[in-house]
Amino acid sequence: MEQNKIPQATAKRLPLYYRFLNNLNQQGKKRVSSKELSDAVKVDSATIRRDFSYFGALGKKGYGYNVEYLLGFFRSTLDQHEVTEVALIGVGNLGTAFLHYNFMKNNNIRITTAFDADTEKVGTDIGGVPVYDIRDLEEKLEDIKVAILTVPAVEAQVIADKLVEKGISGILNFTPARISVPKHIRVHHIDLAVELQALVYFLKHYSLDNPE
Ligand code: ATP
């Protein structure tokens with residue numbers, strides 16, 4: 001497949017480029033320079049030029065990149081023509097925030113199903129998403145392949161095992177627990193506490209004026 005030729009680091013930046021170009025397109029802009037892109041997405045312009053060369057988009061000097069061409073490429077590469085459904089497990093503070101947060105408005109990924117163990121939450125509808133009993137995971141997960149994990153850390157592994165058993169392909173793990181899954185399952189781990197701690201540490205010890 002064509003996509004397989006794109007390096008992973010480049011692929012990770014695709015959604016970032018996509019979001020910005022989508023905004024430009026909505027404003028009626030036809031072209032964009034790598035400098036403009038660079039300032040907006042905070043990726044240096046040499047990297048942007050290299051990334052875009054993988055997409056067959058060669059910017060012209062003094063013209064920049066054609067916004068529509070790039071958007072077309074991103075849409076097909078990011079599978080924007082089909083909606084990807086995501087399940088969220090654990091409708092606590094963080095999970096509830098995700099259900100309410102409209103972070104998907106510019107792409108075709110939607111949280112469509114949520115699960116919790118708390119009988120008070122089961123049967124409710126949060127941010128337009130139905131909350132089902134975790135015991136009904138098998139029946140309600142259907143063919144959803146991506147899950148967001150916002151359960152307590154101690155529950156993470158058990159839930160991950162269940163998700164794997166039900167045929168999940170990818171897990172975005174927001175719990176501090178490091179989960180083990182078979183090799184063919186992709187897990188991305190986001191620990192907000194660790195990220196914040198790292199930021200505070202860097203602020204204290206590494207000045208941006210003097211990166212050395
Ligand atoms: P958060 O961690 O998102 O801030 P919180 O502090 O409100 O949430 P937690 O105790 O972390 O609550 O639990 C997160 C959510 O996960 C709760 O809604 C809880 O009912 C749910 N939960 C706990 N155990 C399970 C489980 N085994 N399966 C599904 N959901 C669970």
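Note that Cβ sites are derived from N, Cα and C of the backbone, with glycine treated the same way.
Those TrEMBL annotations? Automatic predictions, nothing curated.
Database features, via TrEMBL:
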type	residues	note
DNA_BIND	16-55	DNA-binding region
DOMAIN	79-178	domain 'CoA-binding'
BINDING	GLY90, VAL91, GLY92, ASN93, LEU94, GLY95	NAD(+) binding site
CB contacts for GLY92 (NAD(+) binding site) [other CB atoms within 10 A, all chains]: 13
Positions on the same chain near the DNA-binding region (16-55), where near means CB under 8 A and six or more residues out: 5-7, 10, 63-68, 70-71, 73-75, 77-78, 80, 106-107
Neighbour count (Cβ, 10 Å) for VAL91 (NAD(+) binding site): 25
Listed in sequence order, residues with CB under 8 A of GLY90 (NAD(+) binding site) and six or more positions away: PHE115, ASP116, LEU149, THR150, VAL151, PRO152, GLU155, ILE159
Arithmetic mean of per-residue pLDDT over the domain 'CoA-binding' (79-178): 92
Local backbone state of GLY90 (NAD(+) binding site), from DSSP in three classes: coil
Near-site residues: NAD(+), ref GLY90, VAL91, GLY92, ASN93, LEU94, GLY95, CB cutoff 8 A to centroid: LEU88, THR96, ALA97, PHE98, ASP116, THR150, VAL151
Under 8 Å by Cβ from GLY95 (NAD(+) binding site), counting only residues of that chain that are 6 or more apart: LEU88, ILE89, ALA114, ASP116, ILE148, THR150
Binding-site residues (ASN93, LEU94), the one with most neighbouring Cβ atoms at 10 Å: LEU94
DSSP helix/strand/coil residue counts for the DNA-binding region (16-55): 29 helix, 2 strand, 9 coil
